[in-house]
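Taken from TrEMBL as is:
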ACT_SITE  154  active site, proton donor
BINDING   154, 155, 156, 157, 158, 195, 304, 355  AMP binding site
BINDING   158, 194, 195, 304  Zn(2+) 1 binding site
BINDING   195  Zn(2+) 2 binding site
DOMAIN    78-400  domain 'PDEase'
REGION    25-45  region 'Disordered'
REGION    399-434  region 'Disordered'
Ligand SMILES: [Zn+2]
């Protein structure tokens, strides 16, 4: 359903602000050809461009192209069947069961571009903000390219998944009644860019390896600051908002930052306490721009960690992917004799254990409050899946423990020292089960 223009008309554009971000400046570049190769590409890359300050991902991509290495892609073309099926799926983009993995395959790895473009169209944002379609397309292509394809979890499919979840939340009655077109634009943009150029390792890793980003952002929300500044860089490079008054553009960038910075999981309690306080006092007024912005922050936080609230088949895939990324970091830490970060040691963790703790201490508290705020069928569905998925992982852990016990009973009991030895031999490096 396309929203009628009537509810959008007369909505205020973003509040003006004199604040200017001090992020990385990407100069505008004219004359890039329209994207057409698959997966979509932002265009040919010159040696001059490589010398510019690029994201990690585009630097790698650029140097590969310059060396004549064509990007690997399992599907070389899409026929009309695939495109038709992808379009068909978009008709149900508001469904909580939306399978982003299938959608990504049907769009030949272009789920983020296609989904975000569809939602911009759906809300009439292109007309409302008088966006240039070519600039928008180019911007979305660059956003998708700046996600690292090789990251098992923090890649463009995760960004597309978060954007789809964000759309589901924007459709919730309390939000859809009160959000302005500017709120919607920012919510979708923040979801699509919230992990831009994620290196596949966490902040403690960047700090202990003296990464320049850790120094640049003084060890505070290092990744989130980088995602935001990267998004600002692409907005400026694509000149998507260059036709808007400069103060509006700067205000958009600031609000985008405030949304992306809220996804820093280490600040979870801060946001959750504030949310709880508002709900206890029943003082959230969505006519108030500040309160609407806070709700967008909470919605983005929910969208970012909603994997355990999806149906089991989807949720399980995400759990395995995020664990693979953690263990990969752990393997690098071991290789370089660094202290292995919590959750990253494949010998002492497993997918199920990580998930149960994550659900209990992070996801459940957040979604319980969200359900208090938005007591709808969707909220109940999410809590329902959360409970089922937790029970699923617990059942699997119990089965594994039972099987291990049976094996122990069948074998001669080892002495403590030989038991330790056996454990370390049985469990290979990178094993997901422990
Ligand atoms: Zn994320």
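Each Cβ is built from the backbone N, Cα and C atoms, and glycine gets one as well.
In this structure, 195, 304 are the binding-site residues from 155, 156, 157, 195, 304, 355 whose C-beta falls under 6 Å of some atom of ligand 1. In this structure, the C-alpha atom of residue 195 (AMP binding site) lies 7 angstrom from that of the residue listed as 'active site, proton donor'. Other residues of the chain with a Cβ within 8 Å of the Cβ centroid of 158, 194, 195, 304, the Zn(2+) 1 site, are 154, 159, 162, 191, 198, 227, 263. Calculated from their C-alpha atoms, the gap between residue 304 (AMP binding site) and residue 154 (active site, proton donor) amounts to 11 Å. Residue 194 (Zn(2+) 1 binding site) falls outside any helix or strand according to DSSP and counts as coil. A simple Cβ count within 10 Å picks out one of the recorded positions 154, 158, 194 as the most packed, and that one is 194. For the binding-site residues 155, 355, the ranking by surrounding Cβ atoms (within 10 Å, all protein chains) places 355 first. Shown in sequence order, 100, 101, 104, 111, 112 are the residues of the chain, 6+ apart in sequence, with a C-beta less than 8 angstroms from the C-beta of residue 157 (AMP binding site).
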